[in-house]
Amino acid sequence: MGRMFGTDGVRGVANKELTADLAYKLGKAGAFILTEGTHRPKILVGMDTRISGDMLESALVAGILSVGAEAICVGVIPTPAIAYLTRKYNADAGVVISASHNPVEYNGIKFFNKNGYKLSDELEDSIQALIRDDFKDVPVLTGENIGRKIEEDGEAIRDYIDFAKSTIKGDLKGLKVALDCANGASYITSVEAFKELEAEVHVINNKPDGININRNSGSTHPEDLMEYVVKNNCHMGLAFDGDADRCLAIDEKGNLINGDFILAICGKELKKQGRLKKNTIVVTVMSNLGLDIAMKKEEINTIKTKVGDRYVLEEMLKNDYAIGGEQSGHIIFSDYNTTGDGLVTALQLAHIVKESGKTFSELCSIMKELPQVLVNAKVPNDQKDIYLKDEEIKSEIDTITKNLDGSGRVLIRPSGTEPLVRVMLEGENQKEIDKLAHGLAKLIENKVK
(Lines of atoms letter the chains of each structure in order from A and count residues from 1; the text may use other names and numbers.)
(Lines give C-alpha, C1' and ligand atoms only; values in the text may rest on other atoms or scores of the structure.)
Protein backbone atom coordinates (compact mmCIF):
# COMPACT_ATOMS: atom_id res chain seq x y z
CA MET A 1 0.00 0.00 0.00
CA GLY A 2 1.49 3.37 -1.08
CA ARG A 3 0.98 6.49 1.02
CA MET A 4 -2.74 7.14 1.26
CA PHE A 5 -2.50 10.78 2.35
CA GLY A 6 -1.43 13.46 -0.10
CA THR A 7 -0.52 17.06 0.73
CA ASP A 8 -4.18 17.78 1.54
CA GLY A 9 -5.69 14.66 3.06
CA VAL A 10 -6.98 11.65 1.11
CA ARG A 11 -8.31 12.49 -2.35
CA GLY A 12 -9.63 10.57 -5.35
CA VAL A 13 -12.56 9.99 -7.67
CA ALA A 14 -15.56 9.43 -5.38
CA ASN A 15 -17.02 5.89 -5.38
CA LYS A 16 -14.05 4.63 -7.41
CA GLU A 17 -10.86 5.53 -5.52
CA LEU A 18 -12.44 7.22 -2.52
CA THR A 19 -15.12 4.62 -1.79
CA ALA A 20 -17.69 4.48 1.00
CA ASP A 21 -15.68 1.56 2.42
CA LEU A 22 -12.51 3.67 2.56
CA ALA A 23 -14.43 6.59 4.10
CA TYR A 24 -15.72 4.24 6.83
CA LYS A 25 -12.19 3.02 7.55
CA LEU A 26 -10.81 6.57 7.63
CA GLY A 27 -13.56 7.63 10.02
CA LYS A 28 -12.89 4.66 12.30
CA ALA A 29 -9.08 4.95 12.24
CA GLY A 30 -9.06 8.76 12.42
CA ALA A 31 -11.44 8.85 15.38
CA PHE A 32 -9.48 6.14 17.21
CA ILE A 33 -6.04 7.73 16.70
CA LEU A 34 -7.10 11.34 17.30
CA THR A 35 -9.20 10.73 20.41
CA GLU A 36 -7.34 7.94 22.18
CA GLY A 37 -7.93 8.05 25.91
CA THR A 38 -10.86 10.50 25.72
CA HIS A 39 -14.03 9.23 27.39
CA ARG A 40 -16.68 10.36 24.88
CA PRO A 41 -14.85 12.26 22.15
CA LYS A 42 -16.53 14.78 19.84
CA ILE A 43 -15.64 15.07 16.16
CA LEU A 44 -16.92 17.90 13.98
CA VAL A 45 -17.85 16.89 10.40
CA GLY A 46 -18.43 19.32 7.52
CA MET A 47 -18.46 19.11 3.72
CA ASP A 48 -18.67 21.07 0.48
CA THR A 49 -21.56 20.90 -2.02
CA ARG A 50 -20.54 17.82 -4.07
CA ILE A 51 -23.17 15.16 -4.77
CA SER A 52 -20.85 12.47 -3.33
CA GLY A 53 -20.66 14.30 0.01
CA ASP A 54 -23.79 12.62 1.43
CA MET A 55 -22.55 9.12 0.60
CA LEU A 56 -19.09 9.74 2.06
CA GLU A 57 -20.46 11.52 5.14
CA SER A 58 -22.73 8.55 5.97
CA ALA A 59 -19.80 6.13 5.74
CA LEU A 60 -17.29 8.37 7.53
CA VAL A 61 -19.72 9.02 10.39
CA ALA A 62 -20.46 5.28 10.74
CA GLY A 63 -16.73 4.72 11.22
CA ILE A 64 -16.49 7.50 13.81
CA LEU A 65 -19.46 6.15 15.80
CA SER A 66 -18.13 2.58 15.72
CA VAL A 67 -15.22 3.53 18.01
CA GLY A 68 -17.44 5.36 20.48
CA ALA A 69 -16.99 8.96 19.34
CA GLU A 70 -19.78 11.46 18.76
CA ALA A 71 -20.05 12.96 15.26
CA ILE A 72 -21.37 16.51 15.17
CA CYS A 73 -22.50 17.01 11.57
CA VAL A 74 -22.68 20.65 10.51
CA GLY A 75 -23.47 20.06 6.81
CA VAL A 76 -22.16 22.30 4.02
CA ILE A 77 -19.57 24.69 5.43
CA PRO A 78 -16.14 26.08 4.36
CA THR A 79 -13.02 24.12 5.30
CA PRO A 80 -11.59 27.01 7.40
CA ALA A 81 -14.86 27.08 9.38
CA ILE A 82 -14.20 23.51 10.55
CA ALA A 83 -10.64 24.48 11.55
CA TYR A 84 -11.97 27.43 13.58
CA LEU A 85 -15.03 25.70 15.08
CA THR A 86 -13.07 22.61 16.17
CA ARG A 87 -11.23 24.95 18.54
CA LYS A 88 -14.26 27.03 19.50
CA TYR A 89 -16.41 24.00 20.35
CA ASN A 90 -13.55 22.17 22.14
CA ALA A 91 -13.99 19.22 19.81
CA ASP A 92 -11.34 16.49 19.78
CA ALA A 93 -10.93 16.66 15.99
CA GLY A 94 -12.54 18.02 12.83
CA VAL A 95 -13.07 16.40 9.42
CA VAL A 96 -13.93 17.99 6.08
CA ILE A 97 -15.28 16.08 3.09
CA SER A 98 -14.10 18.12 0.11
CA ALA A 99 -11.80 18.07 -2.91
CA SER A 100 -11.36 21.86 -2.81
CA HIS A 101 -10.84 23.25 -6.34
CA ASN A 102 -10.97 19.83 -8.11
CA PRO A 103 -13.82 18.83 -10.50
CA VAL A 104 -17.06 17.37 -9.13
CA GLU A 105 -16.17 13.68 -9.64
CA TYR A 106 -13.38 14.02 -7.05
CA ASN A 107 -13.80 14.21 -3.32
CA GLY A 108 -11.50 14.11 -0.33
CA ILE A 109 -11.30 13.59 3.42
CA LYS A 110 -9.15 15.91 5.48
CA PHE A 111 -8.64 15.82 9.25
CA PHE A 112 -7.85 18.63 11.68
CA ASN A 113 -6.52 18.07 15.20
CA LYS A 114 -8.20 19.61 18.26
CA ASN A 115 -6.24 22.84 17.76
CA GLY A 116 -7.55 23.23 14.20
CA TYR A 117 -4.32 22.31 12.42
CA LYS A 118 -3.91 19.81 9.58
CA LEU A 119 -2.36 16.56 10.78
CA SER A 120 1.36 15.87 10.86
CA ASP A 121 2.74 13.20 8.50
CA GLU A 122 3.31 10.99 11.57
CA LEU A 123 -0.36 11.07 12.62
CA GLU A 124 -1.50 10.42 9.05
CA ASP A 125 0.87 7.44 8.89
CA SER A 126 -0.60 6.10 12.18
CA ILE A 127 -4.11 6.31 10.70
CA GLN A 128 -2.97 4.49 7.56
CA ALA A 129 -1.12 1.82 9.60
CA LEU A 130 -4.28 1.08 11.60
CA ILE A 131 -6.26 0.57 8.37
CA ARG A 132 -3.47 -1.56 6.87
CA ASP A 133 -3.37 -3.77 9.99
CA ASP A 134 -7.15 -4.24 9.78
CA PHE A 135 -7.80 -2.44 13.09
CA LYS A 136 -5.79 -4.88 15.17
CA ASP A 137 -6.11 -4.07 18.90
CA VAL A 138 -9.06 -1.71 18.31
CA PRO A 139 -11.83 -2.91 20.67
CA VAL A 140 -15.25 -3.76 19.21
CA LEU A 141 -17.78 -1.62 21.05
CA THR A 142 -21.41 -2.59 21.66
CA GLY A 143 -24.50 -1.25 23.40
CA GLU A 144 -24.20 2.11 25.11
CA ASN A 145 -20.51 2.45 24.14
CA ILE A 146 -21.30 3.11 20.46
CA GLY A 147 -21.20 6.80 19.52
CA ARG A 148 -24.09 9.03 18.44
CA LYS A 149 -24.59 11.33 15.47
CA ILE A 150 -25.69 14.86 16.31
CA GLU A 151 -27.22 16.96 13.51
CA GLU A 152 -26.32 20.60 14.07
CA ASP A 153 -29.01 23.18 13.30
CA GLY A 154 -27.21 26.09 11.64
CA GLU A 155 -25.45 27.50 14.69
CA ALA A 156 -22.05 26.56 13.21
CA ILE A 157 -22.57 28.73 10.11
CA ARG A 158 -23.71 31.62 12.32
CA ASP A 159 -20.65 31.28 14.59
CA TYR A 160 -18.27 31.20 11.62
CA ILE A 161 -19.84 34.28 9.99
CA ASP A 162 -19.59 36.18 13.30
CA PHE A 163 -15.95 35.14 13.67
CA ALA A 164 -15.05 36.23 10.11
CA LYS A 165 -16.79 39.60 10.57
CA SER A 166 -14.89 40.17 13.83
CA THR A 167 -11.55 40.14 11.96
CA ILE A 168 -12.16 43.66 10.61
CA LYS A 169 -13.05 46.90 12.42
CA GLY A 170 -16.11 48.82 11.29
CA ASP A 171 -18.23 48.09 8.22
CA LEU A 172 -17.97 47.96 4.43
CA LYS A 173 -20.66 50.56 3.71
CA GLY A 174 -20.23 52.20 0.30
CA LEU A 175 -18.26 49.29 -1.18
CA LYS A 176 -19.76 47.56 -4.22
CA VAL A 177 -18.49 43.97 -4.25
CA ALA A 178 -19.08 41.05 -6.62
CA LEU A 179 -18.66 37.55 -5.16
CA ASP A 180 -18.15 34.29 -7.07
CA CYS A 181 -18.94 31.38 -4.75
CA ALA A 182 -17.97 28.62 -7.25
CA ASN A 183 -21.30 26.92 -6.36
CA GLY A 184 -19.37 25.67 -3.36
CA ALA A 185 -19.21 25.85 0.41
CA SER A 186 -19.09 29.67 0.65
CA TYR A 187 -22.48 30.24 -0.99
CA ILE A 188 -24.09 31.21 2.33
CA THR A 189 -21.22 32.35 4.57
CA SER A 190 -19.49 34.83 2.27
CA VAL A 191 -22.70 36.43 1.01
CA GLU A 192 -24.14 36.84 4.53
CA ALA A 193 -20.89 38.23 5.99
CA PHE A 194 -20.57 40.92 3.30
CA LYS A 195 -24.28 41.83 3.51
CA GLU A 196 -24.19 42.11 7.29
CA LEU A 197 -21.16 44.41 6.99
CA GLU A 198 -23.37 46.62 4.76
CA ALA A 199 -21.47 46.23 1.49
CA GLU A 200 -23.50 46.38 -1.72
CA VAL A 201 -23.27 42.69 -2.64
CA HIS A 202 -23.60 41.17 -6.12
CA VAL A 203 -23.29 37.38 -6.37
CA ILE A 204 -22.70 34.84 -9.11
CA ASN A 205 -22.41 31.04 -8.93
CA ASN A 206 -24.19 30.68 -5.59
CA LYS A 207 -26.78 28.04 -6.58
CA PRO A 208 -25.12 24.68 -5.90
CA ASP A 209 -26.92 21.63 -7.29
CA GLY A 210 -24.38 18.98 -6.27
CA ILE A 211 -22.70 18.82 -9.67
CA ASN A 212 -21.86 22.42 -10.62
CA ILE A 213 -19.15 23.02 -7.99
CA ASN A 214 -16.10 24.78 -9.54
CA ARG A 215 -17.62 24.43 -13.03
CA ASN A 216 -16.38 27.43 -15.05
CA SER A 217 -16.50 29.41 -11.83
CA GLY A 218 -14.64 30.47 -8.72
CA SER A 219 -10.93 31.02 -8.24
CA THR A 220 -9.93 28.45 -10.89
CA HIS A 221 -12.16 30.03 -13.59
CA PRO A 222 -12.59 33.72 -12.75
CA GLU A 223 -13.38 34.89 -16.32
CA ASP A 224 -17.13 35.43 -15.71
CA LEU A 225 -16.42 37.43 -12.55
CA MET A 226 -13.83 39.58 -14.37
CA GLU A 227 -16.50 40.49 -16.92
CA TYR A 228 -19.21 40.97 -14.29
CA VAL A 229 -17.14 43.42 -12.20
CA VAL A 230 -16.54 45.74 -15.17
CA LYS A 231 -20.10 45.47 -16.53
CA ASN A 232 -21.65 46.30 -13.15
CA ASN A 233 -19.11 48.97 -12.11
CA CYS A 234 -18.10 47.10 -8.95
CA HIS A 235 -15.19 48.31 -6.83
CA MET A 236 -13.82 44.77 -6.69
CA GLY A 237 -14.59 41.09 -7.21
CA LEU A 238 -13.71 38.16 -4.94
CA ALA A 239 -13.58 34.56 -6.15
CA PHE A 240 -13.59 31.53 -3.83
CA ASP A 241 -12.86 27.89 -4.60
CA GLY A 242 -15.11 24.93 -3.79
CA ASP A 243 -14.27 24.69 -0.09
CA ALA A 244 -13.49 28.42 0.34
CA ASP A 245 -10.00 28.06 1.81
CA ARG A 246 -8.65 30.30 -0.94
CA CYS A 247 -9.62 33.59 -2.51
CA LEU A 248 -8.48 35.50 -5.59
CA ALA A 249 -9.57 39.03 -6.42
CA ILE A 250 -10.54 41.16 -9.43
CA ASP A 251 -9.81 44.90 -9.59
CA GLU A 252 -12.35 47.43 -10.88
CA LYS A 253 -10.82 47.21 -14.37
CA GLY A 254 -11.41 43.44 -14.55
CA ASN A 255 -7.79 42.35 -13.93
CA LEU A 256 -7.15 39.13 -12.00
CA ILE A 257 -5.30 39.80 -8.73
CA ASN A 258 -3.48 36.71 -7.48
CA GLY A 259 -2.19 35.72 -4.05
CA ASP A 260 1.15 37.50 -4.51
CA PHE A 261 -0.60 40.88 -4.85
CA ILE A 262 -2.92 40.06 -1.93
CA LEU A 263 0.10 39.24 0.25
CA ALA A 264 1.84 42.48 -0.78
CA ILE A 265 -1.22 44.64 -0.01
CA CYS A 266 -2.08 42.89 3.28
CA GLY A 267 1.58 42.71 4.36
CA LYS A 268 1.99 46.46 3.87
CA GLU A 269 -1.24 47.13 5.80
CA LEU A 270 -0.19 44.88 8.71
CA LYS A 271 3.14 46.72 8.87
CA LYS A 272 1.32 50.07 8.96
CA GLN A 273 -0.75 48.79 11.90
CA GLY A 274 2.37 47.50 13.71
CA ARG A 275 1.06 43.92 13.45
CA LEU A 276 3.52 42.43 10.93
CA LYS A 277 5.52 40.25 13.29
CA LYS A 278 9.28 40.37 12.64
CA ASN A 279 8.48 42.49 9.59
CA THR A 280 8.20 39.32 7.50
CA ILE A 281 5.80 37.59 5.11
CA VAL A 282 6.09 33.89 4.24
CA VAL A 283 5.76 32.88 0.57
CA THR A 284 6.66 29.84 -1.55
CA VAL A 285 9.43 29.40 -4.10
CA MET A 286 6.79 29.85 -6.83
CA SER A 287 5.91 33.39 -5.74
CA ASN A 288 6.80 35.95 -8.38
CA LEU A 289 10.11 37.76 -7.96
CA GLY A 290 8.12 40.98 -8.33
CA LEU A 291 6.75 40.33 -4.83
CA ASP A 292 10.27 40.24 -3.35
CA ILE A 293 11.18 43.47 -5.15
CA ALA A 294 7.97 45.19 -3.95
CA MET A 295 8.46 44.06 -0.35
CA LYS A 296 12.10 45.18 -0.36
CA LYS A 297 10.91 48.71 -1.19
CA GLU A 298 8.52 48.52 1.79
CA GLU A 299 11.37 47.19 3.99
CA ILE A 300 9.51 43.91 4.50
CA ASN A 301 11.36 40.56 4.44
CA THR A 302 10.15 37.58 2.41
CA ILE A 303 10.90 34.02 3.53
CA LYS A 304 10.43 31.22 1.00
CA THR A 305 9.20 27.66 1.60
CA LYS A 306 8.41 24.64 -0.56
CA VAL A 307 5.15 24.78 -2.51
CA GLY A 308 2.10 23.90 -0.38
CA ASP A 309 0.21 25.83 2.28
CA ARG A 310 1.23 23.26 4.91
CA TYR A 311 4.89 24.30 4.47
CA VAL A 312 3.95 27.98 4.65
CA LEU A 313 2.07 27.32 7.91
CA GLU A 314 4.97 25.27 9.34
CA GLU A 315 7.34 28.20 8.80
CA MET A 316 4.82 30.66 10.26
CA LEU A 317 4.34 28.57 13.41
CA LYS A 318 8.06 27.94 13.85
CA ASN A 319 8.91 31.64 13.86
CA ASP A 320 5.62 33.24 14.88
CA TYR A 321 4.95 35.12 11.62
CA ALA A 322 1.61 36.87 11.04
CA ILE A 323 0.92 36.27 7.34
CA GLY A 324 1.90 33.85 4.61
CA GLY A 325 0.47 32.29 1.50
CA GLU A 326 0.60 31.19 -2.09
CA GLN A 327 -0.07 32.67 -5.52
CA SER A 328 -3.17 30.43 -5.72
CA GLY A 329 -4.90 32.51 -3.03
CA HIS A 330 -4.29 30.31 0.02
CA ILE A 331 -3.56 33.11 2.50
CA ILE A 332 -3.02 32.39 6.20
CA PHE A 333 -3.51 35.10 8.82
CA SER A 334 -2.15 33.41 11.94
CA ASP A 335 -3.83 35.96 14.26
CA TYR A 336 -7.20 34.67 13.05
CA ASN A 337 -7.12 31.09 11.79
CA THR A 338 -4.96 27.98 11.54
CA THR A 339 -5.39 27.44 7.81
CA GLY A 340 -6.02 29.38 4.58
CA ASP A 341 -9.34 31.19 4.94
CA GLY A 342 -11.01 32.61 1.82
CA LEU A 343 -13.61 34.70 3.64
CA VAL A 344 -11.15 36.20 6.13
CA THR A 345 -8.82 37.07 3.22
CA ALA A 346 -11.69 38.63 1.25
CA LEU A 347 -12.78 40.75 4.22
CA GLN A 348 -9.24 42.01 4.95
CA LEU A 349 -8.82 43.03 1.32
CA ALA A 350 -12.24 44.69 1.07
CA HIS A 351 -11.60 46.59 4.30
CA ILE A 352 -8.22 47.86 3.05
CA VAL A 353 -9.81 49.05 -0.24
CA LYS A 354 -12.57 50.87 1.65
CA GLU A 355 -10.31 52.50 4.25
CA SER A 356 -7.61 53.52 1.77
CA GLY A 357 -9.91 55.71 -0.31
CA LYS A 358 -8.01 54.44 -3.37
CA THR A 359 -9.20 52.24 -6.19
CA PHE A 360 -8.23 48.57 -5.97
CA SER A 361 -6.04 48.89 -9.08
CA GLU A 362 -4.14 51.77 -7.43
CA LEU A 363 -3.45 49.57 -4.40
CA CYS A 364 -2.22 46.80 -6.73
CA SER A 365 0.38 49.12 -8.24
CA ILE A 366 2.51 48.28 -5.17
CA MET A 367 3.85 45.37 -7.22
CA LYS A 368 4.91 44.77 -10.81
CA GLU A 369 4.71 41.12 -11.80
CA LEU A 370 7.74 39.89 -13.73
CA PRO A 371 7.07 37.70 -16.78
CA GLN A 372 7.25 34.01 -15.81
CA VAL A 373 7.78 31.00 -18.08
CA LEU A 374 7.23 27.39 -17.01
CA VAL A 375 8.45 24.51 -19.21
CA ASN A 376 8.21 20.79 -18.40
CA ALA A 377 11.22 18.58 -19.15
CA LYS A 378 10.47 14.83 -19.39
CA VAL A 379 12.81 13.00 -17.04
CA PRO A 380 12.61 9.42 -15.66
CA ASN A 381 11.69 9.31 -11.96
CA ASP A 382 15.11 7.94 -10.97
CA GLN A 383 16.94 10.83 -12.70
CA LYS A 384 15.00 13.80 -11.38
CA ASP A 385 18.08 15.14 -9.58
CA ILE A 386 20.19 15.32 -12.76
CA TYR A 387 20.12 19.14 -12.69
CA LEU A 388 22.01 18.99 -9.37
CA LYS A 389 24.65 16.54 -10.64
CA ASP A 390 25.38 17.19 -14.32
CA GLU A 391 28.17 19.77 -14.77
CA GLU A 392 26.92 21.15 -18.09
CA ILE A 393 23.39 21.72 -16.73
CA LYS A 394 24.78 23.33 -13.56
CA SER A 395 27.03 25.60 -15.63
CA GLU A 396 24.10 26.65 -17.87
CA ILE A 397 21.96 27.51 -14.80
CA ASP A 398 24.83 29.60 -13.38
CA THR A 399 25.28 31.44 -16.70
CA ILE A 400 21.56 32.26 -16.99
CA THR A 401 21.43 33.42 -13.36
CA LYS A 402 24.48 35.67 -13.89
CA ASN A 403 22.98 37.20 -17.06
CA LEU A 404 19.66 37.93 -15.33
CA ASP A 405 21.71 39.94 -12.84
CA GLY A 406 19.25 40.04 -9.92
CA SER A 407 16.25 41.03 -12.04
CA GLY A 408 15.21 37.43 -12.73
CA ARG A 409 15.81 33.87 -11.57
CA VAL A 410 15.92 30.19 -12.50
CA LEU A 411 13.97 27.64 -10.46
CA ILE A 412 13.92 23.90 -11.15
CA ARG A 413 11.39 21.70 -9.35
CA PRO A 414 10.99 17.93 -9.77
CA SER A 415 7.32 16.94 -10.02
CA GLY A 416 6.09 14.91 -7.05
CA THR A 417 3.65 12.88 -9.15
CA GLU A 418 4.91 12.71 -12.77
CA PRO A 419 8.19 11.86 -14.58
CA LEU A 420 8.99 15.57 -15.08
CA VAL A 421 11.11 18.41 -13.82
CA ARG A 422 9.61 21.87 -14.12
CA VAL A 423 11.92 24.59 -15.42
CA MET A 424 10.73 28.04 -14.34
CA LEU A 425 12.35 31.32 -15.39
CA GLU A 426 11.44 34.86 -14.42
CA GLY A 427 12.86 38.03 -15.91
CA GLU A 428 12.02 41.39 -17.44
CA ASN A 429 12.06 40.25 -21.09
CA GLN A 430 9.37 37.66 -21.90
CA LYS A 431 10.91 36.63 -25.24
CA GLU A 432 14.37 36.17 -23.75
CA ILE A 433 13.28 34.04 -20.77
CA ASP A 434 10.99 31.96 -22.99
CA LYS A 435 13.96 31.07 -25.20
CA LEU A 436 16.23 30.38 -22.21
CA ALA A 437 13.63 28.19 -20.41
CA HIS A 438 12.99 26.04 -23.49
CA GLY A 439 16.75 25.74 -24.12
CA LEU A 440 17.41 24.63 -20.54
CA ALA A 441 14.52 22.11 -20.60
CA LYS A 442 15.86 20.66 -23.86
CA LEU A 443 19.37 20.35 -22.40
CA ILE A 444 17.98 18.45 -19.39
CA GLU A 445 15.95 16.10 -21.63
CA ASN A 446 18.97 15.42 -23.88
CA LYS A 447 21.08 14.48 -20.87
CA VAL A 448 18.75 11.66 -19.80
CA LYS A 449 18.34 10.07 -23.24
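Each position is counted from 1, following the chain as shown.
Keep in mind that glycine also has a Cβ here, set from the backbone N, Cα and C atoms.
When the candidates SER100, SER120, SER395 are compared with the Mg(2+) site entry in Swiss-Prot, which names ASP241, ASP243, ASP245, the shared residue is SER100. Counting only residues at least six positions away in the same chain, the Cβ atoms of ASP48, PRO78, THR79, VAL96, SER98, SER100, GLY184, ALA185 sit under 8 Å from the Cβ of ASP243 (Mg(2+) binding site). Sequence-ordered, the extra residues of this chain that approach the Mg(2+) site, with Cβ no more than 8 Å from the Cβ center of SER100, ASP241, ASP243, ASP245, are ASP48, PRO78, THR79, SER98, HIS101, GLY184, ALA185, PHE240, GLY242, ALA244, ARG246, GLY340, GLY342. With a 10 A radius on its CB, SER100 (active site, phosphoserine intermediate) counts 28 other CB atoms from all the protein chains.
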